[in-house]
Amino acid sequence: MFEKSTWIRLPRNVVVGHGVRNEVLGVVNDLHLQGRPLFVTSPTPREVAADPIAADFEAAGIEPAIVTIERATFEAVERVIEVAEAEDVSYLVGIGGGKAIDIAKLASHHLDMGFLSVPTAASHDGIVSNRGSVPDGDSRHSVAAEPPLAVVADTGILADAPWELTTAGCADIISNYTAVMDWRLAQRLKDVEYSEYAAALSEMTAEILVDNADLIRPGLEESAWVVTKALMSSGVAMSIAGSSRPASGAEHLFSHQLDRLAPDAALHGHQVGVGSILTAYLHQGGDGIWRDIRDALSSIDAPTTADDLGIGDETVIEALTTCHEIRDRYTILGDGMNERAARDVATKTGVID
Ligand SMILES: NC(=O)C1=CN([C@@H]2O[C@H](COP(=O)(O)OP(=O)(O)OC[C@H]3O[C@@H](n4cnc5c(N)ncnc54)[C@H](O)[C@@H]3O)[C@@H](O)[C@H]2O)C=CC1
Ligand SMILES: O=C(CO)COP(=O)(O)O
Ligand SMILES: [Zn+2]
């Protein structure tokens, strides 16, 4: 008897384009959301987006509560939940980079409320995904949550954001190549649940982005358009899979470990990009696609070496040899690399000198 079943949850409205910041209130009305919102943001996104959006709401007689967070931690999630309860809000709006959106996503899930995702940077593919990523001591949790009810991505704001945030988003997408390699490997060796549709969507998203690399240039609003569509598509792949597997393999373990060893040294997307060069080499050896990944990153100004990341060579080796412990996710790293092997791959790919 066939007894399989699945829930794929996706946003109802996805609004992308120039000036759509002014349409957040319209989206709220379209979704029939009532009551007061709580805006979850961080300092710069507050200035560029949250305060102007709050002014639109105030003009319509709705006074949003606002909380600013600095880091993606479980304490930040708890703080947002406390403010939401104290201010008696009915839904949340995450306005900012990946951290603000993750915190809004996790708090709204706990509160059993809907949330809207308003990215101010095209820096990560959590914009529409159904997961929140939070460090916790020595490990990193990919917490199941709901995707946003709607996404409002203003390409004007995204194009005005610092260029490195956009190149980080590109690198987060390019890393899908190795994430899918790891997923297939884990399916073959460990029988992990696998979705051919989610894997194909994730890979195709990386291919389209690389094919359009010429359009990705600083100051071009069209770049923000191309990258944001890819970030959404990658997030949808995660929602189809019901896991971050289509977009997160060993290159993400490497990045999560760097976050612990060298906090705030580099952006998430840039770290996973360099991780992807390393793990593509581990999967396929010297003749494989590691050079294509490196060249694609380099063509959009994303880092390809430890130096570019501002991270020391020894920290890269430590991350490579320990990051398999960060989460129970089978990848090409298996039960861990020894130091000589780590130094070998990092040197041969030019990630370290
Ligand atoms: N839930 C998911 O599926 C995913 C979650 N993530 C998570 O997202 C985080 C990475 O996201 P990022 O956006 O790289 O980090 P982030 O949220 O820390 O943003 C980077 C910096 O850019 C600033 N910023 C944002 N918009 C700006 C603007 N318009 N102008 C000037 N500054 C601006 C932020 O305030 C912050 O200081 C990580 O915690 C990662 O684990 C990443 C991918 C997927
Ligand atoms: O960053 C992500 C996908 O790009 C989310 O992955 P994690 O599950 O590793 O946090
Ligand atoms: Zn990522």
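Backbone N, Cα and C define each Cβ position, glycine as well.
The NAD(+) binding site annotation in TrEMBL covers GLY98, LYS99, ALA100, ILE101, ASP102, THR120, ALA121, ALA122, SER123, SER129. Of all the Cβ atoms in the protein chains shown, 27 others lie within 10 Å of the Cβ of ASP102 (NAD(+) binding site).
In this structure, ASP125 (glycerol binding site) belongs to neither helix nor strand by DSSP; it is coil. Non-local contacts of ASP125 (glycerol binding site) by the CB criterion (under 8 A, 6+ apart in sequence, same chain) comprise GLY169, ASP172, ILE173, ALA230, LEU231, MET232, SER234, GLY235, MET238, ALA247. If you look up TrEMBL, you'll see ASP125, ASP172, HIS252, HIS268 marked as glycerol binding site.
Around the Cβ of HIS256 (substrate binding site), the number of neighbouring Cβ atoms within 10 Å comes to 24. TrEMBL lists ASP125, ASP172, HIS256 with the feature substrate binding site.
Secondary structure from DSSP puts HIS268 (glycerol binding site) in a helix. Every protein chain shown contributes to the tally, and the Cβ of HIS268 (glycerol binding site) ends up with 26 other Cβ atoms within 10 Å. The Zn(2+) binding site annotation in TrEMBL covers ASP172, HIS252, HIS268.
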Which residues in the same chain, at least 6 apart in sequence, have a Cβ under 8 Å from the Cβ of GLY98 (NAD(+) binding site)?
ALA72, ALA121, SER123, HIS124, GLY126, SER133, HIS268
To the nearest whole angstrom, what is the C-alpha distance linking HIS256 (substrate binding site) and ASP102 (NAD(+) binding site)?
15
What is the separation, in Å, between the Cα atoms of ALA100 (NAD(+) binding site) and HIS252 (glycerol binding site)?
19
Max pairwise CA distance, angstrom, over record-listed substrate binders ASP125, ASP172, HIS256:
15
To the nearest whole angstrom, what is the C-alpha distance linking ASP102 (NAD(+) binding site) and HIS252 (glycerol binding site)?
16
